[in-house]
Amino acid sequence: MASALWTVLPSRMSLRSLKWSLLLLSLLSFFVMWYLSLPHYNVIERVNWMYFYEYEPIYRQDFHFTLREHSNCSHQNPFLVILVTSHPSDVKARQAIRVTWGEKKSWWGYEVLTFFLLGQEAEKEDKMLALSLEDEHLLYGDIIRQDFLDTYNNLTLKTIMAFRWVTEFCPNAKYVMKTDTDVFINTGNLVKYLLNLNHSEKFFTGYPLIDNYSYRGFYQKTHISYQEYPFKVFPPYCSGLGYIMSRDLVPRIYEMMGHVKPIKFEDVYVGICLNLLKVNIHIPEDTNLFFLYRIHLDVCQLRRVIAAHGFSSKEIITFWQVMLRNTTCHY
């Protein structure tokens, strides 16, 4: 009886193993066939930025500003304008910035203005949301909005809108910064940094990314197709967490954008425009001014940075409140 049982068990186990083997082989065959069916492209090693350039400004965007009371600072001379990308429904994130690093409008007599960049949430947007955004803008006067869809893949359109708005409606700003709602900005340090610059023209800085490879894998957020970007390496560019530029570059970059087809990544797109304009990125001597990845910064470290990425709205409020206290830092 026992020997018969032992004879049956191995045969069942063998059958189970065979089933799993066949399943794995089927999956492997499927992926091989899928991969072979994909169009294959030769990655271009040597980058030619003129590949992206059109002599006529055929890529000039004609989206419309949609708010009735349009944001305008053409009659002001702000030292710094900070433009923050935001989603229409993310009121909490905007409010967190308004009561923390974006609240103070003057630092040592230098005017700093903060505005939020929005698109349209859906093709047929909810009327209540549209009205609430109008009310929010009437209350704070800090929203810039156009009628393109507000999606991750349209972030480049949002950046083009930012450059257009500064060029047309806020041309006197001495410096301009573009950042995101999940970034903690130490506004005081930013103003000090700009005041200590030796030059104020052809200046562009942030968290530099040099020889960054284009990603062709499965993760859609960071994937870019060969058709959209055929080169192996991206141009030198500054991460979208926060880049800063002098006034003279804004209209030049905006004009160049009309000649360069938008790509998925807005910061890379700006980098392409900079390379075509032959503008070099200024790399800060202090490598701890910009933090790209979320790290466990304490309050004393935040007192020394300009921008740190990866903060929730609640964390921005908490860290700002703690940073304002008279905590002694010994390092």
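Here the Cβ of each residue, glycine as well, is placed from N, Cα and C on the backbone.
Features as listed in Swiss-Prot:
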TOPO_DOM  1-20  topological domain 'Cytoplasmic'
TRANSMEM  21-43  transmembrane segment
TOPO_DOM  44-331  topological domain 'Lumenal'
CARBOHYD  Asn72  N-linked glycosylation site
CARBOHYD  Asn154  N-linked glycosylation site
CARBOHYD  Asn198  N-linked glycosylation site
CARBOHYD  Asn212  N-linked glycosylation site
CARBOHYD  Asn326  N-linked glycosylation site
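Structure with Swiss-Prot features highlighted.
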residue : record                      : Cβ within 10 Å
Asn72   : N-linked glycosylation site : 13
Asn154  : N-linked glycosylation site : 18
Asn198  : N-linked glycosylation site : 5
Asn212  : N-linked glycosylation site : 17
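Among the glycosylation sites listed (Asn72, Asn154, Asn198), Asn154 has its Cα nearest to the Cα of Asn212 (N-linked glycosylation site). In this model, the topological domain 'Lumenal' (44-331) carries an average pLDDT of 92. Between the CA atoms of Asn198 (N-linked glycosylation site) and Asn72 (N-linked glycosylation site) there is a gap of 29 Å, rounded to the nearest whole number.
The CA atom of Asn72 (N-linked glycosylation site) is located 23 Å away from the CA atom of Asn154 (N-linked glycosylation site).
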